[in-house]
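Structure in structure tokens, see below.
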Amino acid sequence: MSSGPPPNVAIDLDLLEKEIEANEQSRKQQTYTDLSGNIAGVTPPTRTRSQNFDPSADPDAEFDTLDEPVWDTIRRDLRLVGAKFARVLKPDQNKQLLRDWDLWGPLFICVLLSLLLQGGVGGPHFTEVFSITFFGSCIVTANTKLLGGTISIFQSICVLGYCLLPLAVAAIGCKFVAFSSSPSIKLTIKLVITAVGFGWAIFASMGFLAGSQPEKRRLLIIYPVVLFYFVVSWLTLSYAS
Amino acid sequence: MSNLQFQDFNFGDLADSPFTAASSNSGQDYKPANKQHSIIPGLVGNTDEGSATTTSGLQNNVFSFKFYQQYFDVDTEQVQNRLLNSFIPKWSKNFITDYIQPLPDLYGPLWICITLIFSTAICGNLAHYIDTNGEGDSRPGNDFSLVTGASSLVASYVILVPFFIYCLLWYRKSAIQYSYLEILCAYGYSLSIFIPVSILWVVHYQWFRWSLIIVSLVLSGTVIVQWVWSAIKTDSNRMVAYGAVLGTLGLHALLAIAFKVAYGAVLGTLGLHALLAIAFKEFYFDSVILPQGRSSAPTIDSLPSTLSPQALVASSALAPAPSSNNTQENNVKGVAQNAVQSEQNKKPVADSQVRDDSQTQGNEKTNLTITEPKESTKAQLTSSSNKESKNEDGKPLQKNENNDETKKINQEHNTTTIKE
């Protein structure tokens with residue numbers, strides 16, 4: 001076939017490109033579960049997920065939030081963090097909230113846990129607990145990535161950090177138990193509280209991490225997460241008093 | 001020209017291809033084919049050994065993510081296999097060649113070591129808690145140091161000992177030269193048996209603990225010895241061969257015993273820590289309260305006579321227990337177990353010492369008991385020169401050294417001698 005007139009070729013090329021992009025998109029969505037997400041606070045609520053990344057729309061979004069008062073920014077971020085806390089405490093089907101990752105929540109929780117668990121006679125120092133919680137979640141994330149998980153690094157750290165919230169609540173609970181009755185009852189109550197926190201944390205994080213692992217390595221990825229929460233639970237049980 | 005033949009490198013069950021990483025050279029000529037197996041497989045371009053990773057072979061930059069990803073290329077089943085076979089010795093089987101090659105993994109050693117560290121620490125604290133029968137809500141003294149200590153111990157064992165073995169095999173140009181990561185992988189997996197053992201160590205019977213150590217040592221040690229021996233048995237120097245095997249076993253035994261001692265050392269370090277805490281508290285407390293009520297000039301003449309028998313008695317037994325005094329019992333128990341508890345006990349004891357000084361003999365006993373543990377502190381912790389200075393007529397020495405503890409001991413014995 002001889003080549004057609006140039007305008008037809010140009011239109012055909014455009015259509016062709018759009019087709020190729022659409023094919024790639026659908027192919028990508030078939031192989032992975034869609035785990036795309038942005039850092040929280042940047043995404044305006046009107047933007048849909050299926051659109052292509054449009055660079056021209058982004059500077060507008062940034063300028064929208066650049067001029068607002070600081071208090072508005074802080075309040076919006078706090079509200080997002082609070083929403084994620086609520087999401088962890090009541091795991092429901094909406095997984096999008098945790099895909100918009102942020103690291104404020106994990107930071108708050110790690111600092112809170114470290115303050116609660118540090119000190120005491122033979123207990124760990126602040127840095128020891130903070131290292132275990134924060135860098136522990138980093139190491140577990142690295143393990144997931146190395147084994148071929150499709151979740152992004154920051155999303156994984158975000159999820160692991162937020163799911164430490166039940167354990168932080170358990171630590172606060174254990175601190176209040178310390179002011180009551182006989183030792184064995186105290187120990188039993190602490191044990192129950194910590195066990196509930198541990199189970200809750202595992203349940204919340206499994207709900208999110210479930211879809212992102214290769215099938216033959218599920219146990220290999222799940223085990224370090226369980227170990228991580230177990231160690232933090234032991235720290236809570238031993239040192240929150 | 002006709003006598004040029006292709007040398008067959010088939011050795012026993014390594015019948016795959018001449019280019020596997022464990023390809024044995026006869027040790028006679030150092031062929032460049034040796035370079036294919038390097039310290040770390042993946043840095044030098046190995047031929048594809050069936051690893052299903054990157055298409056560009058295993059030649060990757062150390063700083064890239066893919067370099068580390070190739071060592072985590074294992075499935076659950078593979079890890080389980082390696083785990084189970086690491087402590088089940090099979091006759092004439094080589095753990096490394098059977099299970100670890102062609103590609104060692106780092107997942108196993110990493111997570112086994114971390115699990116081992118925390119299981120040792122947790123069960124050590126649990127065992128200690130059960131031993132003391134949960135006295136009050138006593139928090140043992142150096143609790144968290146079990147974690148840091150265990151991590152240093154395990155990490156150095158898993159990293160250094162394979163390095164030594166690798167160097168030995170390389171230096172002796174042994175029959176089978178494993179790569180460093182393969183040896184590290186084997187060692188990591190061989191530590192896996194200590195995890196259930198450390199959990200079982202909570203049971204408080206010494207004979208049970210020792211039998212656990214022996215059983216675990218025999219099992220994992222046999223597996224290790226098998227692959228070490230098969231690498232080094234063709235060595236020309238038999239001493240090196242036997243020495244390597246014995247050395248490996250010995251190090252493994254040392255590690256197991258170090259774990260056991262770490263459990264027991266919880267008590268010992270607690271005792272020392274408690275003694276230090278008591279000593280510090282006593283000095284501080286005494287220096288504040290005592291000089292108000294009495295002359296603080298120490299009578300040094302009586303010092304050696306009162307000090308030396310006590311030093312001898314105390315140094316022979318860390319926690320002396322001969323007394324019917326309640327405060328003494330509390331004192332001794334607190335010393336042996338719990339710094340916090342003992343500090344709390346020390347306060348009322350010290351109070352009674354100060355306030356009831358002019359009264360009964362019970363206080364003398366209290367004073368003596370206070371000094372006894374301190375004497376043991378001194379006996380154990382200070383240098384021998386200090387001891388000598390006390391045992392002799394140490395007047396010039398004591399004037400020269402403004403030793404806090406000496407001053408405090410002077411004050412202690414001052415009160416004793418004054419009452420007497």
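Backbone N, Cα and C atoms are what each Cβ position is placed from, and that goes for glycine too.
Quick caveat, the model's predicted, so the values are computed rather than measured.
The annotation compositional bias 'Basic and acidic residues' is assigned in TrEMBL to B:344-358, B:387-411. Marked as compositional bias 'Polar residues' by TrEMBL: B:359-370. Residues or ranges marked as domain 'Yip1' in TrEMBL: B:103-257. What TrEMBL records for B:318-420 is region 'Disordered'. The transmembrane segment feature in TrEMBL is assigned to B:110-130, B:150-171, B:183-204, B:210-232, B:239-259.
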Please identify the stretch among B:110-130, B:183-204, B:210-232 with the greatest number of Cβ pairs below 8 Å relative to the transmembrane segment (B:239-259).
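Checked against B:110-130, B:183-204, B:210-232; highest Cβ contact count belongs to B:210-232.
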Restricting to the domain 'Yip1' (B:103-257), report the mean pLDDT as a whole number.
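A mean pLDDT of 83 is what the model gives the domain 'Yip1' (B:103-257).
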For the transmembrane segment (B:110-130), give me same-chain residues lying six or more residues beyond its boundaries with a C-beta closer than 8 angstroms to one of its C-beta atoms, as numbers and ranges.
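Residues packing against the transmembrane segment (B:110-130) from afar: 83, 140, 143-144, 146-147, 150-151, 154-155, 158, 188-189, 191-192, 194-195, 198-199, 201-202, 204, 259, 262-263, 266-267.
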